[in-house]
Amino acid sequence: MMTHTIRAGLAALNVLAMAGTAYANVTVYTAGPASLIEQLAAGFTEETGIKVDFFQATTGQVMARIEAEAANPAVDVLISASWDTATDFAERGWLLPYTSPNAATVPDFLKSDTAVAQGISALAIAWNPTSGTPKPAEWADLAKPEYEDLVNLPDPAQSGATFELVAALEAQSGWSLFEDLAANGAIVAGANAEALNPVLQGAKAAVFGAVDYISFNGQQKGESIEVVFPASGTVIAPRPAMILNWSKNQDEAKQFIDYMLSDAGQAIVAATNLMPARTDISANRPLISDLSILAIDAEAVYAGRENTLAAFGGIFGQ
Amino acid sequence: MSARSIQAVNPAVAFAALGLLVVVAVPFAFILLQAIFPELGRGSLAAPFSRLADTLGDVRLIRMTGNTILLGLGVVALSALIGVPLAVARALFRVPGAMLWDLLMLVPFMIPPYIATLGWIMTLQPRGYVHQLFGFNLAPFLLSVWGIIFVMTLNTFPVIYFAVSRTVEAIGSRYADVGRVFGASAWRAFWRITLPLATPGLAASLLLVFAMAIEEYGTPAALGRRAGFDVLVTGIDLRVSDWPIDLPGAAILSLVLVGLSFGAFLIQRWILTRRSYQTTTGKPQTIDKRPLGRWTLPVVLGFALVAMLATAVPLLAILATALSRTISGGLAVSNLGLDNFLAIFTDGVGALRALGNSLSLGVAAALFTGLLGALSAYAVVKSTFRGRNLLDVLTILPNALPGIVVAVGLILAWNQPWLPVTPYNTALILLLAYCCILLPQPVRYATAAFHQVGDNLEAAARVFGATPMTAFRRILLPLILPTLLASMLLVFAVATRELVASIIVAPVGMQTISTYIWRQFEQGSVGLGMAMAFVTILITTIFPLIVLSLLGKRGGLL
């Protein structure tokens, strides 16, 4: 009986193993959203016949996997949600220089020798109009008494874009805004989606620094949510795509980058409510040129990351 | 001489040792090596021990460790407070609707903790479901240490309920009746005889609950950060997911967690080996349950209250969210619809394939851990094999390893370039992860069961010429099978919904139920995620019931 069980178990394992075996030509590790990489992979395979195997998780989880795999890496193309990854990987000498012919209309600040943006998200105030609060226009509005106990902030330790927003606003006007927010009962509530959820149900009125495309997607589904870009400025989070220099499929990887930046690829990016990286692609949402962007000295900001997070944590009692 | 050579080739022990080596020792060894050699991931052994001092010297470590112990003890205490009285009532008395209560106590197992937590948040937060229906909210309670302990207890107390009710049922009233004959009161007989005899089941389940509580990630991550309550698991997760990734730091913190769990394990072992708990002697035993009399109503009310909190509220919250077209629309008739459920079946093949993947992995993990668990427990309790204490330690190690660390250990171990074949990047790596994480469950249950089986039964079989393997298969295995089967169903339920390790080690392009749900949440499609969760809970509840009825056992087995 036991040998029979073992045999049946092994047979089941074989079936499972077959189901998971990769026959792919190009392996892409990407930070969310899942629907974006699914569509890009399908479109790319249709156009080139090259199969895409992708692994999608948060930026942190993707990095953990790359770090653990370092002895025998599998990833060909990496798409992160934080430009900092591209800078850091370039410094470590892990990236293959490549400039796609399709990147001509990508603005210079969204590309380097070794990385190019796939799309861009921006941070905004996500506000629930049925919350019974006045519509906020500025970051500072959320520290007003009308929003007492009604504001969520994503955790800058878990969201790279939120960290840049905190650093940029702090560089501009010090910690007073965040001290006012904390005194007004604003709380730090996990990663981006976790911070938005209570606002949808109405437990909170607004997210300070919500990722815009998730809120736009909710709006399309009929959720009661509005996206406000403060006139004083916000930060953007370009999503760098890069080819790892250990890739054994460099030609296919380059073709994938080309497809991602093609008209068809950028249209898929725009359809997920991200801003396309190419300026000549239209989208049904405000674009970079419509937004006021806060200046940020990435090098200095990331050098002081630990201190910034510690000061932020101190203000919000973490 | 001849006795020795028979023991040396006892195939049960050999198989247990080999299985534990592959499933537990290999990934654990790599975690240990990672803690010692920070550059291990790159295949270098440079700068050994260089990360120990700063990681262990971190001032936050003491607070996180303290919080972890507080959380573990709190959940154990509250789980015992709820689980033990219900279990004793269920085991010794005729409780009206006993089968129904068993089923309702089984469901909390099937609700993934991160889903249950989200359900509670959406129920108790301002303008949550309770607020919409009854006009009040309990957010301050939920977002506190007590809220975390409360939510986690509702998920873990069934471990104690099922283990203790089964153990007490097996002991029956016979021993207590002897005490009564000699003049003890009913209470005294229970406290001095029945409860002490139930120690193996109770101690094993308390240990499991403690380990589950200190290892659980979803609930402390969702509620703890808002309550300013950091535990070791959230600290480990931050080190693994925050660039630059700190694998050595995470490995070192995991070893602290393993140390805590190991301490609890030593206490449990000390309790179990102090004396004999053998009550299964081969003598016939009548199972006669007594009527509850005037206690009927309070007991039934107690069962109803617990079932409502642990099963009804989370299930209703999940269903309400899954049936809502939009979250902001709230509980209005116009906002209700089956859109999310339809989306599961029309969403290409993604959702259905995720279901298929997780269910097959769950079945495979249950079969494998059940077999390995029974053999390991046998090797530890019944054999005289000299390395059995080492095997026992191996079975407890994964108990406290957070899923994310097991995942990293597996990648480090199985992604070595010199390996000719590797399970990495196939579904087998997920199976290895689930087996490693969940092996302690069958082992602990089977160990407790073996402690209650008299040695004379196996000895009798051997006297009549049975080989060790035959005695194991024909005598011991059938005696512990009910217990083992229950733990295998638990493995099935937990493996089909495991999230943290699945995200990291899932082969490229492969989705499981939990990664599918998680992706929906990440994209803000909470309703679709909840619909998938509801379907999963239905399947993982009904499937074991079908298995049990096919095997001709009744639900009371659990």
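Glycine residues also receive a Cβ, built from the backbone N, Cα and C atoms like all the rest.
The transmembrane segment annotation in TrEMBL covers B:12-37 (among others). With a cut-off of 8 Å between Cβ atoms, the residues of this chain six or more beyond the transmembrane segment (B:12-37) that come close are 44-49, 51-52, 247-248, 251-252, 254-255, 372, 375-376, 378-379, 383, 385, 387-388, 391, 394-395, 397-398, 401, 405-406, 408-410, 412-413, 432, 435-436, 439, 468-469, 472.
Per TrEMBL, domain 'ABC transmembrane type-1' is recorded for B:65-268 (among others).
Positions annotated as transmembrane segment by TrEMBL: B:69-93 (among others). Sequence-distant contacts of the transmembrane segment (B:69-93), counting only residues of its own chain at least 6 positions beyond either end whose CB sits under 8 Å from a CB of the stretch, comprise 101-102, 105, 145, 148-150, 152-153, 156-169, 173, 190, 194-195, 202, 205-206, 209-214, 220, 229, 231, 260, 264, 289-292, 295, 299, 302-303, 306.
What TrEMBL lists as transmembrane segment is B:100-121 (among others). Remote same-chain residues near the transmembrane segment (B:100-121) are listed as 86, 90, 128, 142, 147, 151-152, 154-155, 157-158, 161-162, 216-219, 222-223, 303, 306-307, 310-311, 313-315, 317-318, 321, 490, 493-494, 497, 499, 514, 517, 521, 526, 530, 533, 536-537, 540-541, 544-545, 555-556, 558 (criterion: CB distance under 8 Å, separation of at least six residues from the stretch ends).
The transmembrane segment annotation in TrEMBL covers B:141-164 (among others). The list of residues near the transmembrane segment (B:141-164) in space but at least 6 beyond its ends in sequence, with Cβ under 8 angstroms from a Cβ of it, reads 70-71, 74-75, 78-80, 82-84, 86-88, 90-91, 105-106, 108-109, 111, 113, 116-117, 120-121, 124-125, 198, 201-202, 204-206, 208-209, 212-213, 216, 219-220, 223-224, 226-227, 229, 306, 309-310, 314, 445, 448, 486, 490, 558.
What TrEMBL records for B:189-214 (among others) is transmembrane segment.
Counting only same-chain residues 6+ beyond the ends of the transmembrane segment (B:247-267), those with a CB under 8 A from a CB of the stretch are 31-32, 34-35, 37-38, 40-41, 51-52, 55-56, 61, 65, 68-69, 72, 207, 210-211, 214-215, 232-233, 235-236, 239-240, 393, 396-397, 399-402, 404-405, 408. According to TrEMBL, the feature transmembrane segment maps to B:247-267 (among others).
Annotated transmembrane segment per TrEMBL: B:299-323 (among others), in sequence order. Long-range neighbours of the transmembrane segment (B:299-323) within the same chain, counting only residues 6 or more positions beyond its ends whose Cβ lies under 8 Å from a Cβ of the stretch, are 82, 85-86, 89, 93, 95-97, 101, 104-105, 107-108, 111, 115-116, 119-120, 122-123, 129, 154-155, 157-158, 292, 331, 336-338, 340-341, 526-527, 530-531, 533-534, 537.
Here TrEMBL flags B:355-547 (among others) as domain 'ABC transmembrane type-1'.
Annotation source TrEMBL lists transmembrane segment at B:359-381 (among others). Residues 10, 12-13, 15-17, 19-20, 23, 388-389, 391-392, 394-395, 427, 430-431, 434-435, 438-439, 441-443, 445-447, 449-451, 472, 476-477, 480, 484-485, 487-489, 491-493, 495-496, 512, 539-540, 543 of the same chain lie 6 or more positions beyond the ends of the transmembrane segment (B:359-381) yet place their CB under 8 Å from a CB of it.
Here TrEMBL flags B:393-415 (among others) as transmembrane segment.
Only residues 6 or more beyond the boundaries of the transmembrane segment (B:421-439), in the same chain, are considered here, and those with a CB under 8 A from a CB of the stretch are 20, 22-24, 27, 357, 361-362, 364-365, 368-369, 372-373, 376, 395, 398, 401, 403, 406-407, 410-411, 414-415, 490-491, 494-495, 498, 501-502, 505-508, 510, 512. Per TrEMBL, transmembrane segment is recorded for B:421-439 (among others).
Per TrEMBL, transmembrane segment is recorded for B:475-493 (among others).
Taken from TrEMBL, the feature transmembrane segment applies to B:499-518 (among others).
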Check: Are the transmembrane segment (B:393-415) and the transmembrane segment (B:499-518) close enough that 3 or more Cβ pairs fall under 8 Å, when only pairs 6 or more apart in sequence count?
Finding: yes
